[in-house]
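Here is the structure we will look at, set down as structure tokens.
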Amino acid sequence: MKTKHIIIVTGLSGAGKTTALNILEDMSYYTIDNLPLGLEKSLLDTEIEKLAVGIDIRTFKNTKDFFTFINYIKESGVKMDIIFIEAHEAIILGRYTLSRRAHPLKEVTLLRSILKEKKILFPIREIADLVIDTTEIKTVELEKRFKKFILAKDGENTDININIHIQSFGYKYGIPTDSDLMFDVRFIPNPYYIEKLKELNGFDEEVKEYVLSQKESKEFYFKLLPLLEFLIPQYIKEGKKHLTISIGCSGGQHRSVTFVNKLAEDLKNSKVLEYINVYVSHREKELGHW
């Protein structure tokens, strides 16, 4: 029996691939870390239905080997997803300093090793179904992201062209570095300064009504949705499998949350876009900022 679902976990050394595999193991996936390339057939022959396989730069000599591995699995017809784990260079530097472990590329400096690996793995990042930046993500939030992604994939059409992650954030806490497209909605009047709305958030009807009724909001959204309905098919044509759209306001509680939820719903129901998988996250809520 062929495996029902194989998840390939790859990415930058020190970014958290082992943590990712541990989370998937807790989600009932049988995990294999650092699988040598060339054992593709054994993955397909096993009767295990849910497999998560860790592959990193130690495993392959060049990205061509990785793509050969991936294409072999794809051609078998087995359902497969690629999750790419990354983090900011400063975070990876700090993690290596604490662990006192050597980077697998062993360049003159640790930073050079990190930057070289980032460059080598860029083509793999581009075809990933899910890209996660662990710079500011706690393990609990990482688990939530995985669950959202996998639950969405379980009910999807097998002809899905692209996975679209739409996230809200607050600029006061820093910008999300995994963004492909970023929109700043701080030009819209802030509900935070209205006493009865201050403690509410973008899920509350009063906040949604206030934000979306603003003249600036209407004009912005009138342009935003058609722009994305144009851009997304272009990304699909270029072979992009994952797109992260970030919308930010001051605290990531009112305006950005409202727009993310509305945009996600409208993209799902778009008559222009077909076979897309849309899922949402609200960074500041997940980090406990509201």
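Using the three backbone atoms N, Cα and C, a Cβ is placed for every residue, glycine included.
Noted in Swiss-Prot for the protein shown:
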| type | residues | note |
| --- | --- | --- |
| BINDING | Gly11, Leu12, Ser13, Gly14, Ala15, Gly16, Lys17, Thr18 | ATP binding site |
| BINDING | Asp56, Ile57, Arg58, Thr59 | GTP binding site |
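Annotated features taken from Swiss-Prot, shown on the structure.
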residue	record	DSSP class
Leu12	ATP binding site	coil
Lys17	ATP binding site	helix
Asp56	GTP binding site	coil
Candidate nearest Asp56 (GTP binding site) in space, where candidates are the binding-site residues Gly11, Ala15, Gly16 and distance is Cα-Cα: Gly11
Lowest local Cβ density (other Cβ within 10 Å) among binding-site residues: Lys17, Arg58: Arg58
Entry from the binding-site residues list Ser13, Thr18 having the most other CB atoms no farther than 10 A: Ser13
Cβ contacts of Leu12 (ATP binding site) (under 8 Å, same chain, 6 or more positions away): Ile85, Glu86, Ala87, Ile92, Ile114, Glu117, Lys118, Leu121
Cα distance (Å, whole number) from Ile57 (GTP binding site) to Ser13 (ATP binding site): 8
Distant-in-sequence Cβ neighbours of Gly14 (ATP binding site), under 8 Å, six or more positions away: Ala87, Ile92, Arg95, Tyr96, His103, Ile114
Listed in sequence order, residues with CB under 8 A of Ile57 (GTP binding site) and six or more positions away: Ser13, Pro104, Leu105, Glu117, Ile120, Leu121
